[in-house]
Amino acid sequence: MDLEVKGVAATSRSQIQPFFGRKKPLQQRWTSESWTNQNSCPPVVPRLDLGSLVDSDDEDNFSYIPLSTANLPNSSSTLGWVTPCQTPYTQYHLNKLDQNIIPENLPAPTDKCKLKYQQCKTEIKEGYKQYSQRNAENTKSNVTHKQSPRNKIDEKCVQDEEANTDDLTTLDRKAILQQGYADNSCDKQQRARKLDAEIVAAEKKKQIVAEQVMIDHLSRAVISDPEQNLAIEQKESDHILPDSKMTPLRFRKRTLHETKIRTHSTLTENVLSHKLQFDGRIVSRNGRDACRELIGFFFTHDQSLTIYEYRQFGKNRTNVLPFIQKSIYSHQCGRRKGKQYRLGDFYVGATLTFLSSDHLSLPESIKENTLLKLRITNIDQIALDSLKTASMEQEDDIIIQETNDRLVFKAIQDVLKEKLHKRGVRILTGLGKYFQQLDKEGNGLLDKADFKQALKVFHLEVSEKDFESAWLILNDNGNGKVDYGEFKRGIIGEMNEYRKSYVRKAFMKLDFNKSGSVPIINIRKCYCAKKHSQVISG
């Protein structure tokens, strides 16, 4: 029986070749002439034009097998499609691809590529250097549009302080970099979203406090007075008989021209808009007071200031209350004692002092101390630059004395820095406990002999000249006693406000009950420095 298959010429089994065998290159394409020469077909069978069969661009090169090179399985082997002497094309090509992706087999970069890489690296470094210089110049030109004598005198002191904090910021930068390598990408995204949410919440908090300040101090319009028109009401009541169903006159007729209410100030929104906003914290050994969120405002029109406290109850309830009433205040200690606060006294790290007896609304824990000390942690730098441009303040000779005081403390701190390098934590914690033992009265004040004894016990000896100079600066009131917290901050130094803000934030996270104290075991549970660069390096 003869079988006729339309469209495909039938060939004998002996003429069929194995399926996987490549004898022609991959780019070879079929033509109708080659097909007709090799296989003649009857005239009734239409010709197949295989020249239009072309690979698509998205197909892999090894997935296309031309029909001329594709061999059907040999009839002599019924166990497999591949003869023992042949290798499957796909396996051969995949092995070849695996060899190509091994990094060790990659060719070395050419000199041209190396040159381009060095040029690109140099351009990036130069661009970043110029960018940093531009930012520094802009900041310097904005802040020091008119260089004050304070900046000219204590330039050396400021440079020493920057050199002292450079190591800390460098370590922090390394820790952040190491943290970026150690954390997962999901953790990075989650941390970035959390940081953005915290920034938005902080800005919203400041806006709420600023609005409350405006509401409290703006001149309100006179609405009504419960005692207004009292004489008119009495006259009309003489002629009209009392009626229980009739609405009283004080509710029926309200006029404003005879009111007795008078506004105490003429403040307007435009006047109050010229203000400097800053964040502050209380310098105290009481943990609850130290964690209070304070936001202050200094008004340039009358050199007055006010401080508000932001309180949060739970997640949704908040309250803004005045902590220091709006008034004109003066320094209560230091070289500027008795001098009125002005714009130059407000900067990050500045200390504002108030008499606790002048503010009856303060908490009892703060009233126990004679002075209330507030440290400025953050400030609106844009508003400060704008207000400094508008106002021309004259510096006095006190700036020179304050600069010399900072240089005295800086010299003592440099001497003690080497001794505190390897055992700083133990010395600081031990020194604090020792001061508490010496403080029999519990007010935090110690005399000169106690401080000398403490320095000797912890092997922190300083020269007699430096100690006397520091004592004269700290004992400004002349009563022979100094707060041991101020003494420790003066001779040893303290953390900058940027880093201390993170410490306060971590403390408030652990102190969820707002008790003002955290057990050391809770700190050990949460504190982990294994990802810090110095810990990793050993």
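Each residue, glycine too, has its Cβ placed from N, Cα and C.
From a predicted model like this one, the values you see are computed outputs, not experimental measurements.
As written in Swiss-Prot, here are the features:
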| type | residues | note |
| --- | --- | --- |
| BINDING | Asp439, Asn443, Asp450 | Ca(2+) 1 binding site |
| BINDING | Asn477, Asn479, Lys481, Glu486 | Ca(2+) 2 binding site |
| COMPBIAS | 134-146 | compositional bias 'Polar residues' |
| DOMAIN | 426-461 | domain 'EF-hand 1' |
| DOMAIN | 462-497 | domain 'EF-hand 2' |
| DOMAIN | 498-533 | domain 'EF-hand 3' |
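Here the features listed in Swiss-Prot are placed on the structure.
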{"residue": "Asp439", "record": "Ca(2+) 1 binding site", "CB count, 10 Å": "15"}
{"residue": "Asn443", "record": "Ca(2+) 1 binding site", "CB count, 10 Å": "12"}
{"residue": "Asp450", "record": "Ca(2+) 1 binding site", "CB count, 10 Å": "18"}
{"residue": "Asn477", "record": "Ca(2+) 2 binding site", "CB count, 10 Å": "13"}
{"residue": "Asn479", "record": "Ca(2+) 2 binding site", "CB count, 10 Å": "9"}
{"residue": "Lys481", "record": "Ca(2+) 2 binding site", "CB count, 10 Å": "17"}
{"residue": "Glu486", "record": "Ca(2+) 2 binding site", "CB count, 10 Å": "18"}
Cα proximity to Asp450 (Ca(2+) 1 binding site), best match among binding-site residues Asn477, Asn479, Lys481, Glu486: Lys481
Secondary structure of Asp439 (Ca(2+) 1 binding site) (DSSP, helix/strand/coil): coil
Close approaches to the domain 'EF-hand 1' (426-461) from elsewhere in its chain (Cβ under 8 angstroms; 6 or more beyond its ends): 285, 369, 416, 419-420, 467, 471, 480-485, 487-488, 491-492
Residue from Asn479, Lys481, Glu486 whose C-alpha is spatially nearest that of Asn443 (Ca(2+) 1 binding site), among the binding-site residues: Lys481
Cα-to-Cα gap, Lys481 (Ca(2+) 2 binding site) vs Asp439 (Ca(2+) 1 binding site), nearest whole Å: 11
Env. residues of Ca(2+) 1 site, Cβ within 8 Å of mean position of Asp439, Asn443, Asp450 Cβ: Phe435, Leu438, Lys440, Glu441, Gly442, Gly444, Leu445, Leu446, Lys481, Tyr484
Residue from Asn477, Asn479, Glu486 whose C-alpha is spatially nearest that of Asp439 (Ca(2+) 1 binding site), among the binding-site residues: Glu486
Number of helical, extended and coil residues in the domain 'EF-hand 2' (462-497), per DSSP: 21 helix, 3 strand, 12 coil
